[in-house]
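Reading through the structure tokens given below for one structure.
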């Protein structure tokens, strides 16, 4: 019951509360750039996509933590979720600064990622960690692409994305060291397809 309550609390905080970061945002102290309206809309759309990614990360980690019976792994997953909360707050702050909003479909994205996390964790802890590795690697690659898409004048968003990319790579490495199982190619391809649908939709909605 405690695990279920923890997961429910995480869902409510992720979807409906203003997230609070434990660590100072990489954008702190960086002056807002002079953006054209088109650049502002582009930055807002890209940061909305990144915010959705962090919503999904919260769902994935908390679902896996709810299911696993390995208390060491559970604490590892919850710690990763706490670190991802910083990303959630940073991306939300950038959306606010850019005059944009989170995706209206965040509850749907959260539910889908939570379901994937539960299924993966029920297969095995190694499979669960394999999903973490694949997710973090895909997110890292996505963030890398955003570094080339964001307007160079938006130095605050660029700083946030660069730091997030470093953190995601560290999370993937930690999951591999914890015994992650490499996912079969069909599973990785399906995850890439789902990510494509999510990012394309979140860019607009």
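Keep in mind that glycine also has a Cβ here, set from the backbone N, Cα and C atoms.
Swiss-Prot has this to say about the protein:
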BINDING   54, 84, 87, 168  Fe cation 1 binding site
BINDING   84, 136, 168, 171  Fe cation 2 binding site
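Features recorded in Swiss-Prot, as mapped to the structure shown.
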{"residue": "54", "record": "Fe cation 1 binding site", "Cβ within 10 Å": "22"}
{"residue": "84", "record": "Fe cation 1 binding site", "Cβ within 10 Å": "27"}
{"residue": "87", "record": "Fe cation 1 binding site", "Cβ within 10 Å": "27"}
{"residue": "136", "record": "Fe cation 2 binding site", "Cβ within 10 Å": "24"}
{"residue": "168", "record": "Fe cation 1 binding site", "Cβ within 10 Å": "25"}
{"residue": "171", "record": "Fe cation 2 binding site", "Cβ within 10 Å": "23"}
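The CA atom of residue 54 (Fe cation 1 binding site) is located 13 Å away from the CA atom of residue 171 (Fe cation 2 binding site).
Counting in whole angstrom, residue 136 (Fe cation 2 binding site) lies 5 from residue 168 (Fe cation 1 binding site) by their C-alpha atoms. Calculated from their C-alpha atoms, the gap between residue 87 (Fe cation 1 binding site) and residue 171 (Fe cation 2 binding site) amounts to 13 Å. In this structure the alpha carbons, written CA, of residue 84 (Fe cation 1 binding site) and residue 171 (Fe cation 2 binding site) are 10 Å apart. The Fe cation 2 site is set by 84, 136, 168, 171; from the centre of their CB atoms, other residues of the chain with a CB within 8 Å are 57, 80, 83, 87, 132, 135, 139, 140, 167, 169, 170, 172. Surrounding the centroid of the Cβ atoms of 54, 84, 87, 168, where the record places Fe cation 1, the chain contributes additional residues within 8 Å, namely 53, 57, 83, 86, 88, 139, 164, 167.
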